[in-house]
Amino acid sequence: MGFITKAIPLALAAASVINGAEIMETRAGVQTLADKYIVVMNDGMTDKDFDSHRSWVNRTHRRRLIRRGAKAMGGMKHTYRFPTGLKGYSGHFDEQMINEISKRADVKYIERDARVQINAIEQQDNVPSWGLARVGSKEPGGTTYYYDGTAGEGSTAYVIDTGTDIQHEEFEGRATWGANFVDDMDMDCNGHGTHVSGTIGGKTFGVAKKSNVVAVKVLDCNGSGSNSGVIMGMEWATKDAQQKGADKAVANMSLGGAFSQASNDAAAAIAQGGVFLAVAAGNDNVDAADSSPASEPSICTVAASTEQDGKADFSNFGQVVDVYAPGDSITSAKPGGGSQVLSGTSMATPHVAGLGAYLIGLGKGGGPGLCDTIKQMAIDVIQNPGASTTSKLINNGSGIGFLSFPLNIYEEQWSKLFDL
């Protein structure tokens, strides 16, 4: 994910800072989308003023197309109106139109739309998963998952991803289709989103086995999408969660890209809306401060650990990381039935979202404050976590005496789970 490219003349960038919006430069290596932009409005803008601005954009864009013979562009495509926080829009504009928009005093900043992608990197067949056992134990190497029988009941997890196979037997009818902002196929044609959903709420693979799962599709069959489409999914999930009870909701984003202020602002708006959000730190073995939305400080950023409690060699790190979670060779659901093994911070993140849903089911709070609770419950075991990075690994409390009330503890043996 990235900012507006350096191809725009320096004089234009300088003028826009003086007269109105800041036009952000694109960082090296960012895969931007030609002539597509995200425009973010000033904080506190009223709906009336926002509607007035949008009308001006549409009028000006049409006038350019008709009177000036400008190159055909699609104009405004998506409008963002989060319940709290970010207001803005994205669209297809030429350089001159962006110049006009940048002069407006009511625009906060503009960035170029860019590609985002899933954060799974490896696949391995026929390997039993270990992540659940690690979440429920204070020592590595366990084969039993201990958890309270509430198991996230009453919570809802929004999986902002490639979609979810809602008919998969893992979900027992608890998964529903929410919205699609990337294509016309309401299905998971990639497999990533179903795997993530299974780790959150699957009956076999899930941390919160009784939670509800809502599929929000923002990535295509190749696991790729755009900042603008992802932000649409984030907005939809926030509004839907608020209608149903934000304090009972968690959101998972096992995706990311290069730094994007718009993506970070959208993530912050989810948190401001009262929803707990877990985000993947990324798989480039670099500081996650340069990744989005992982670098947004108000959400819960997750790095990936190995079965031996080490940092996974691919995992990003840094001060923005809140916790580690199992992310190497994780078994979960795949579309059409059965399971597959994937690795990545994408696989670590749903362990944290699932733990958030689990704690909601236990009545231990809700909203963005769950990240602090999860950090307090975490155990200090990660070896060589990376420069300026926490060594905390998540734990559900059942094995370390953190939760100070009787638990209806269940245990699951891997031999039963996987028919080994």
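Glycine residues also receive a Cβ, built from the backbone N, Cα and C atoms like all the rest.
Note that the structure is a prediction, hence the values are computed from the model and not measured.
Under the three-state DSSP scheme, ASP161 (active site, charge relay system) falls in the strand class. As annotated by Swiss-Prot, active site, charge relay system applies to ASP161 (among others), with the evidence given as sequence analysis.
Annotated active site, charge relay system per Swiss-Prot: HIS192 (among others), in sequence order, evidence recorded as sequence analysis. Under the DSSP three-state reduction, HIS192 (active site, charge relay system) is assigned to helix.
SER346 (active site, charge relay system) is surrounded by 32 other CB atoms, counting those within 10 A of its CB over all protein chains shown. What Swiss-Prot records for SER346 (among others) is active site, charge relay system, and it gives sequence analysis as the kind of evidence.
The domain 'Inhibitor I9' feature in Swiss-Prot is assigned to 36-118; the stated evidence is sequence analysis.
What Swiss-Prot records for 129-413 is domain 'Peptidase S8', and it gives sequence analysis as the kind of evidence.
With a cut-off of 8 Å between CB atoms and residues at least 6 apart in sequence, the same chain places ASN190 near ASN222 (N-linked glycosylation site), listed in sequence order. DSSP gives ASN222 (N-linked glycosylation site) a coil state; it is part of no helix or strand. The N-linked glycosylation site annotation in Swiss-Prot covers ASN222 (among others) and is backed by sequence analysis.
For ASN252 (among others), the entry in Swiss-Prot reads N-linked glycosylation site. Every protein chain considered, the tally of other Cβ atoms within 10 Å of the Cβ of ASN252 (N-linked glycosylation site) stands at 33.
Per Swiss-Prot, N-linked glycosylation site is recorded for ASN396 (among others). Taking a C-beta cut-off of under 8 angstroms and a sequence separation of 6 or more, ASN396 (N-linked glycosylation site) has the following same-chain neighbours: VAL135, GLY136, TYR146, TYR147, ASP148, VAL207, LEU355, TYR358, MET377. Mapped onto three states, the DSSP output places ASN396 (N-linked glycosylation site) in coil.
Feature annotation from Swiss-Prot assigns signal peptide to 1-20.
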Per-residue Cβ crowding (10 Å cut-off), top of active-site residues ASP161, HIS192: ASP161
Residue pair ASP161 (active site, charge relay system), HIS192 (active site, charge relay system) - Cα distance, angstrom, rounded: 7
In three-state DSSP terms, the structure that ASN252 (N-linked glycosylation site) belongs to: strand
C-alpha spacing of HIS192 (active site, charge relay system) relative to SER346 (active site, charge relay system), in angstrom: 8
